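S.K.: First, the structure itself, so that you have it in front of you.
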Amino acid sequence: MNMGKEIQLRPKVNVSSYIHFLLNYRNKFKEQQPNSYLGFKEFSRKCSEKWRSISKHEKAKYEALAKLDKARYQEEMMNYVGKRRKRRKRDPQAPRRPPSSFILFCQEHYAQLKRENPSWSVVQVAKATGKMWSTTTDVEKQPYEQRAAVLRAKYQEALAVYRRQRGLARKKALQQPKNRRRGKATARRS
């Protein structure tokens with residue numbers, strides 16, 4: 001008999017309409033063809049093709065399931081008293097990670113694309129730069145990759161310095177007495 005507190009499990013996260021469809025499709029597939037096996041890649045490809053081909057009316061069913069699941073999850077999280085995951089706070093003194101060659105490319109072409117297409121949203125501009133990057137040749141990508149490599153090397157150096165300084169600060173903190181009052185009280189007794 002367990003006399004301690006019951007451990008409350010974290011509620012299961014809600015899933016999207018596509019995941020509901022995928023689970024349903026998998027069950028139907030297993031019923032129709034119980035002895036056949038499809039690899040994950042093949043099965044997910046078939047599912048995505050099927051998802052694109054179904055009507056909006058059928059998709060609405062799965063979207064309704066997803067909404068219900070989201071409501072269930074939010075309700076369970078309201079009643080959940082266990083530990084909540086906290087996002088680790090970034091140390092402001094820590095060096096920031098350098099941008100990749102793709103990000104450098106995007107930064108360079110963002111303003112130009114926005115000028116040419118002022119009505120585009122950030123997402124549309126990002127998609128356009130992604131397409132531009134994929135059609136760019138390796139020779140044209142070289143300057144961005146070189147700049148990214150230089151920035152990565154600088155970051156590694158800055159990170160090493162930061163870690164050394166943080167290590168020294170920790171050592172100093174460990175060497176200092178934790179309770180200074182105790183030290184003063186012993187000094188008075190002598």
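Quick reminder: no glycine exception, Cβ is built from N, Cα and C everywhere.
Unlike curated entries, TrEMBL annotations are predicted automatically.
Features from TrEMBL:
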DNA_BIND  11-81  DNA-binding region
DNA_BIND  95-163  DNA-binding region
DOMAIN    11-81  domain 'HMG box'
DOMAIN    95-163  domain 'HMG box'
REGION    81-100  region 'Disordered'
REGION    167-190  region 'Disordered'
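Context for these features, please: burial, neighbours, distances.
M.R.: Helix, strand and coil residue tallies for the DNA-binding region (11-81), in that order: 54 helix, 0 strand, 17 coil [DSSP].
Under 8 Å from some Cβ of the region 'Disordered' (81-100) lie the Cβ atoms of residues 7-10, 107, 148, 151-152, 154-155, 158-159, 162, all in the same chain and six or more residues away from its ends.
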S.K.: Give me the DSSP three-state residue breakdown of the domain 'HMG box' (95-163), ordered helix, strand, coil.
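M.R.: Taking each residue of the domain 'HMG box' (95-163) in turn, the totals are 56 helix, 0 strand, 13 coil.
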S.K.: Compute the average pLDDT of the predicted model within the domain 'HMG box' (95-163).
M.R.: 93
